[in-house]
Amino acid sequence: MSNSIVIQTSSTVIEDMKQQYKHSLSPKTPQGGIFMAKVPSCTITAYKSGKVMFQGGRAEAEAARWQTVSQTPKTAVKKSVDSHRYAPPASIGTMSIVGSDEVGTGDFFGPMTVVAVYVDAKQIPLLKELGVKDSKNLNDEQITAIAKQLLHVVPYSSLVLHNEKYNELFDKGNNQGKLKALLHNKAITNLLAKIAPTKPEGVLIDQFTQPDTYYKYLAKQKQVQRENVYFATKGESVHLAVAAASILARYSFVKQFDELSKKAGMPLPKGAGKQVDIAAAKLIQKLGKERLPEFVKLHFANTEKAFRLLK
């Protein structure tokens with residue numbers, strides 16, 4: 001029997017949901033709707049009124065992932081994602097900062113990696129000389145070359161959430177936004193302990209959700225970093241600490257990805273496009289469906305598409 005659950009939430013959470021389900025979005029949106037997404041055994045429809053409907057066999061489980069962050073006021077002023085009390089000061093680019101960033105969240109294959117890096121203000125010219133900039137503008141070869149030098153120059157904390165653990169935590173009701181928040185907080189906490197008694201002038205997180213939502217995700221954590229913590233989208237262009245974190249996170253991700261390809265005995269593509277569906281179908285044929293959780297993020301729509309290719 002098909003279940004149907006409706007929750008009332010904020011526009012911020014709905015934006016988070018849309019980002020979370022971006023690989024499963026339906027081209028059709030009902031009247032008054034913001035988006036419709038179809039994941040295995042559940043259809044999610046978000047409306048401009050703030051209501052979100054979950055329909056299907058997994059409606060209850062899927063809705064539960066969002067109910068913990070949905071208790072926010074119904075009325076919200078529409079503003080820029082960077083318009084909040086956690087915005088960094090104008091002078092942050094010249095300060096001694098811990099920066100954090102993540103890689104792998106949009107890839108079906110491979111883990112999620114988060115890195116926090118401490119950059120002393122005196123090191124900024126050196127990092128520029130090494131070619132540190134937004135990792136999206138660098139190829140894997142350049143990433144490797146710069147990362148190998150960075151590892152000996154800056155203190156850092158690197159965390160890898162492997163696929164099996166990722167899927168296990170996701171099945172327990174943790175959406176991707178929450179997993180990112182947990183890893184960022186942990187990497188920053190680890191790094192602050194590592195560099196003590198040195199205290200950075202601030203912490204800059206490459207913003208992936210509204211700061212208030214980030215802290216809601218961390219509500220049950222014993223240690224949460226709040227002192228001089230700032231959030232900014234495109235953090236790599238705000239401070240080189242985030243750019244360095246992005247490079248080290250991608251370096252770690254590429255290494256993990258190569259290991260995963262060796263384990264699979266076949267090259268695995270990055271991203272979440274059609275080539276990924278084909279590779280996943282081949283992997284299922286080769287190793288069996290029970291091994292799939294070791295390689296992929298199961299909640300992506302690619303899982304269903306891969307199985308469809310095998311029919």
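Each Cβ is built from the backbone N, Cα and C atoms, and glycine gets one as well.
When Asp206, Asp212, Asp258, Asp277 are compared with the divalent metal cation site residues Asp101, Glu102 in Swiss-Prot, the one appearing in that site is Asp206. Neighbour density at the Cβ, taken as the number of other Cβ atoms within 10 Å, is lowest among the binding-site residues Asp101, Asp206 for Asp206. Highlighted in sequence order, Ser100, Val103, Val114, Val115, His184, Ile205, Phe208, Gly235, Val242, Ala245, Ser246, Ala249 have their Cβ within 8 Å of the centre of the Cβ atoms of Asp101, Glu102, Asp206, the residues recorded for divalent metal cation, and are not part of that set. Glu102 (divalent metal cation binding site) counts 25 other C-beta atoms within 10 Å of its own C-beta, drawing on all protein chains shown. Model confidence over the domain 'RNase H type-2' (95-311) is summarised by a mean pLDDT of 94.
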